[in-house]
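Novice: Here's a structure for you.
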Amino acid sequence: MKALLPRASASARSRLAGAGLIVIAAALVAALVLASVAIGYAAFDVPSAMADLLAGRTTLPALVLWELRIPRALLGALVGFSLGLTGAVLQGYLRNPLADPGILGISSAAALGAVMVFYGGLAGSLSLALPLGGIAGAALAALGINLLAARGTGTLGLILAGVGLSSLAGALTALALNLAPNSYAALEIVFWLMGSLADRSMDHVWLCLPLMGLGWILMLSTARALDALALGEDTAASLGFDLVSVRLRIVTGAALAVGSGVAVSGAVGFVGLVVPHLVRPLVGSRPGASLWPSGLLGAALVLGADIAIRLLPSRPELKLGVITALVGAPFLIGLLFRRQGRT
Amino acid sequence: MSNRARIRVGAVSLMVLLLGAGLAGAGAGDAEGRPARVVSMNLCADELLLRLADREQIAAVSYLARDPRGSNVAEQAEGLPRTRGLSEEVIALKPDLIIAGAFTTRATVALLKRIGFPPLEIGVPADFDGMRGQIRMVAAALGHPERGEAMIAELDARLAEAMQWAGTPRLRALVMRPNAFTVAPGSLGDAVLTAAGLINVAAEIGQDRTGQVSLEAAALADVDLVILDEGARGAPSLADALLRHPVLAELRRQGRTVSVPNRLWTCPGPQVAEVVTRLVAAARARTSLR
C-alpha cells in the first residue's frame, strides 16, 4: 500500500525537514514548560521546592509547585497539543483550511455538559463536577456525530451536522443558564468559556491526560489516510483505506482530545485554526506530515500565551482565549490577504 | 417642540407628579413623629430595621432578609412583605421612610430621588466607628435613638469581652472568600482582624484592584489562619470551586484554616463581635498547637 503512494526525492527531503521540525518544536515545548513552572505570581525557590517534593516533604513551596505550577504548565502543553493536532487533522480530513477543533460542535457540547452538570447540582459538591460534565457532553456529541458518520455522510454533511450541533448546544446552554439557581451562573460561564488555566490542580491533569492520550493515538493513526485523502475520497478508497474507520477514528479522537480540553480549560480559540497554517509551508502540503508539528506548535503557542498572561500587569489576569484570539485573528486575516495576492 | 413631543413630556411629568403624590400622601408617622411605614431595600438595612424598629413600623424588607444563608435576621423577617427593590413595589407600599444601600438598587434610588423622595442611604462602614455611626443614624431616623445606643453598648461589651483574650504573639491571618476575594487593609474586616489580635497578610502580599489574591501568593505567605466560610453551601458556583482546591485542602489538613460564616461580618450589628470571639478562639487553639 505504501508503495502505491507517489514518492519522490522532494518528498523524502521534506520528510527529513519534518523530522527536524518535530525535534525543534519539542525542544521549544520543553523549554516553555520549564519557563511556565518557573514563572508565577509569587517568587519562591523552585529548585529547593522540587527537592522537597521529591523527598516527600510537604512544605508550602512544594505544595504550590505540585498543585499549582506543574499542573498549569502540563495542562497548557496538553490542551495546546490537542488543539493543534485536532486542527491539523480536521483541516486535512475535511480539506477545508477554515476547519477548527470546534467545527464538529464538540466544544459547544462540552460546554453544555459542564453547565448542566455543574449548575444543575447533579454532581453535588464534587470538585471535578465541571470537567466531568464537560467530558460527558463531548462524549454524547461524539456518539451522535459518529452515528451520522457511520451512515456514510460525506464531509460536507459532517460539517453541517457540526454547525447544527453547535447551535443546538449553544441554545441549550443559554436555557440551562437561565434556569440555573445561581443568578451569577451566566456571568461565570461567559468568563469560564474564554478559557483559563488559572488555579487548576493535578486532579485536572489526571482527569484529562488518559482521554487526550487516547484521542491523540486515534488521530495520529490516520496520518497516512489523510495523505491519501488529499487525492480525493475515491482515490483514497481505491488505495485500500477504509474511509468509515478513518472517519470514526477522527471524530472520536477529536471528541476525546478537544472535549477533555474544553472541560479543564474552557474554550481556547484560534490555536487549532492557525497552527496548521503555520506548519504547512514548513512540511510541504502533505496533511499527514503536519500532525506532530501542529500538535507541538499548538502546545508552544498555548504555553507562550499562558506565560504572557502572567507577565502582563493586568489583574485579574486576562483570559487565555482572549490572548490567543488577539494573536490569532490578525494572523488569519493576514493569511487570507496573502492568499488573495497569490491567486 | 412638536405637539406630540409636548404631549409626551406632559404625560411623563404627570406620571412623576402622581408617583410623588402617592408617596407624599402616605402616613406622616405617629404622634411622636416616628415613621410608620418603613421600607428597606438592602440586606444590611433590613438587619438594622428589624432590630431597631417596632414591628408595626416595618412596611417591607428586601427579599434577602429571609434567606438564613446570608441574613442574621431570617426569623424576624418571617411574615413580613418582601420586595426586590423595584420602584413599583416600593412606591405601592406608600412608605414614609425608605432605607437603601449606597451601592444597591441604584435605578430605584435614582427614581425615588427624582420624584422628591430621597431614601436614607447607608454605605459600607470602614471601621468600628463607622459602624457605630451607621447604627446611630438609622436608629435616629426610626425614632428610637435609645435602641441604637443599646445595640452599640451590646456590641462594645461583646468586643471588650473577646478582645481581652486576644493573644500574643500575633498570628498571621488571611481571609479567603469565594473567588479569592480578601479583606483589604482599611476595611471593616481588617479592623475585625486587628481587634482579634491578628496580622492581615493581605497587606503584604497585595491584591489586585478588585481585592482578589492569587492562590499561589496566599499559600506561600505562610499564613497561620486562613479564614474561610465553609458553612451551608448555596447554589453551585465557580466562585466557590476555588475554595475546594487541593492547596486549600492541604492547608486545612495542617490545621491552618478556620471557618467563619460570611453573614456575621457582612453587615453592621452586634454579631460582628461574634467574629472577633471566634477568631480569638481559633488563634488560641492554633498557638497552643504550635
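Cβ from N, Cα, C; glycine included.
Automatic prediction, not curation, is the source of TrEMBL annotations.
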Novice: In TrEMBL, which of A:70-90, A:217-237 is labelled transmembrane segment?
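Specialist: That would be A:70-90, the stretch labelled transmembrane segment in TrEMBL.
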Novice: What same-chain residues lie close to the transmembrane segment (A:318-337): Cβ under 8 Å, and 6 or more beyond its ends?
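Specialist: Residues packing against the transmembrane segment (A:318-337) from afar: 191, 193-197, 265-271, 273-274, 277, 301-302, 305-306, 308-309, 312.
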Novice: For the transmembrane segment (A:156-177), find every same-chain residue at least 6 residues outside the stretch whose CB is under 8 Å from a CB in it, and list them.
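Specialist: Distal contacts: 94, 96, 99, 102-109, 111-112, 115-116, 119-120, 137, 141, 144-145, 148-149, 185-186, 189, 247, 251.
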Novice: For the transmembrane segment (A:102-122), what are the same-chain contacts with Cβ under 8 Å, counting residues 6+ beyond its ends?
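Specialist: Residues 90, 94, 129-138, 140-142, 145, 158-159, 161-166, 168-170, 172-173, 176-177, 180-182, 185, 189, 192-193, 251, 254-255, 258-259, 262-263, 267, 269, 272.
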Novice: Are there residues at least six beyond either end of the transmembrane segment (A:291-312) with Cβ under 8 Å to its Cβ atoms? List them, or say none.
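Specialist: Residues 18, 21-22, 25-26, 28-29, 32-33, 35-36, 39-41, 72-73, 76-85, 87-89, 92, 197, 216, 219-220, 223, 226, 268, 271-272, 274-276, 278-279, 282-283, 318-320, 323-324, 327 contact the transmembrane segment (A:291-312) from elsewhere in the chain.
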